[in-house]
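Novice: Checked Swiss-Prot, it gives:
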type     : residues : note
TRANSMEM : 27-49    : transmembrane segment
TRANSMEM : 66-86    : transmembrane segment
TRANSMEM : 95-115   : transmembrane segment
TRANSMEM : 128-148  : transmembrane segment
TRANSMEM : 149-169  : transmembrane segment
TRANSMEM : 241-261  : transmembrane segment
TRANSMEM : 299-318  : transmembrane segment
TRANSMEM : 350-370  : transmembrane segment
TRANSMEM : 394-414  : transmembrane segment
TRANSMEM : 450-470  : transmembrane segment
TRANSMEM : 477-497  : transmembrane segment
């Protein structure tokens, strides 16, 4: 027994992950103290690359454990402190509240969402029109709500669609209650090709929607967390923010929608998959079955969900309270008026978001390392000492590149603070400050679609229950985002350059 104990420890470490992956993480943990002893600055950048690696391998092992071990070691080594981690977490408390309560609130609206989107999916046969609709609706919603909430809606809808067909493909019919849609072992061989086609179809729709959240999120004061931060420093109201950013956000919105049409038309970068006929038939049968067995109580529940949806949108658009608190309001309204009062039924709503919330706090620990080790400082100083005529476009590029690897809220905070200090000191004019604020806002919002760690909504999608179901890996997300990354970055750069040129 004693001889097998070390093997048991080794097997338990990171669970079912591959041996090579476990070895790699252990190697990281051994190497980091050595690199830190040589040069803390280099060690900080090594930690960022290691954390990105854990995100890239999210389908092999959830990043919370390996990323968490790396973050704990960073604190122990002194690369950052518990106080700094807490400060970064506290600064993003609104995002944490949003994840805990808003995602759970969306869970209790899934019946209505599935009903509405089933009608849309079955009513529109053109994949290009459907893709454009997903992207445009996500953009409009994100301009007035927030990207994480919209992404949570997209995830809930896609999981609902997937579960319906997967259950049928596994021989479970359309009415079996005891069913696990994560298990492919029972899928009939005759249905596997259609299942793969359906996965590809859902992947493309979800990615169009996810990029749509970035297209709309950049436009308004409430679209992304960093937008509000920038608006506060620039003293812009809702309308002024929209008008200041519009010379960049509107061309990129058009470019994004054209890209959506182009990739679907050409069938490149993983796009172009059509909804298999058999899947369409099953979804139509499901819709008919649900309609036929819908009772007055079910209809009442849908009405309550619709009314709660109106309350949600109005509250968010008018910013009546923090997003997370509005999510809690939705939970209370839906569970109260739809009779969901058992603790175990309520608890399921929180299963999706809490692991990601924990991962996000680990991410904030990495951000704390970036802050305490001043990893971005050389780039910041270089930009502020450039000629004013090129500062705008260069700020756009720098913010875009850094937001691809770090938290875009953190990047925006660093740069808008430095620029505001320069304005207060009289080093730059108010007009130039406005230009740089636009460059920072668009730089952190647009090119950051390149990687899942660039935007919280993308990271949430990558680590959600949906990603493994539709085989949406880190690499595949990067590939599918690539045409959007290129188009948004180029158009955004040109627009900022034109704005700077006057």
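FYI, residue positions are counted from 1 along the chain as it appears here.
Using the three backbone atoms N, Cα and C, a Cβ is placed for every residue, glycine included.
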Novice: Are there residues at least 6 beyond the ends of the transmembrane segment (128-148) whose Cβ is under 8 Å from a Cβ of it, and what are they?
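Specialist: Residues 95, 98-99, 102-103, 120-121, 154, 204-205, 208-217, 219-220, 222-225, 253, 256-257, 260-261, 264-265, 271, 313, 316-317, 323, 455-457, 460.
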Novice: Suppose I define contact as three or more CB-CB distances under 8 A, residues 6 or more apart in sequence; do the transmembrane segment (299-318) and the transmembrane segment (450-470) meet it?
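Specialist: These two segments do not touch.
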Novice: Same-chain Cβ contacts of the transmembrane segment (241-261) under 8 Å, 6 or more residues past its ends?
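Specialist: Cβ under 8 Å, 6 or more out: 128, 131-132, 135-136, 139, 208, 211-212, 215-216, 218-221, 227, 231, 234, 434, 437-438, 441-442, 446, 483-484, 487-488, 491-492, 494-496, 498-499.
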Novice: With pairs closer than 6 in sequence left out, are the transmembrane segment (27-49) and the transmembrane segment (66-86) joined by 3 or more CB pairs under 8 Å?
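Specialist: These two segments touch.
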Novice: Counting only CB pairs under 8 A, let me know which of 27-49, 394-414, 450-470 has the most with the transmembrane segment (149-169).
Specialist: 450-470
Novice: Hey, which bits of the same chain come close to the transmembrane segment (27-49), Cβ under 8 Å, at least six residues off its ends?
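Specialist: Sequence-distant neighbours of the transmembrane segment (27-49): 69-70, 73-74, 77-79, 366, 369-370, 373-375, 405-406.
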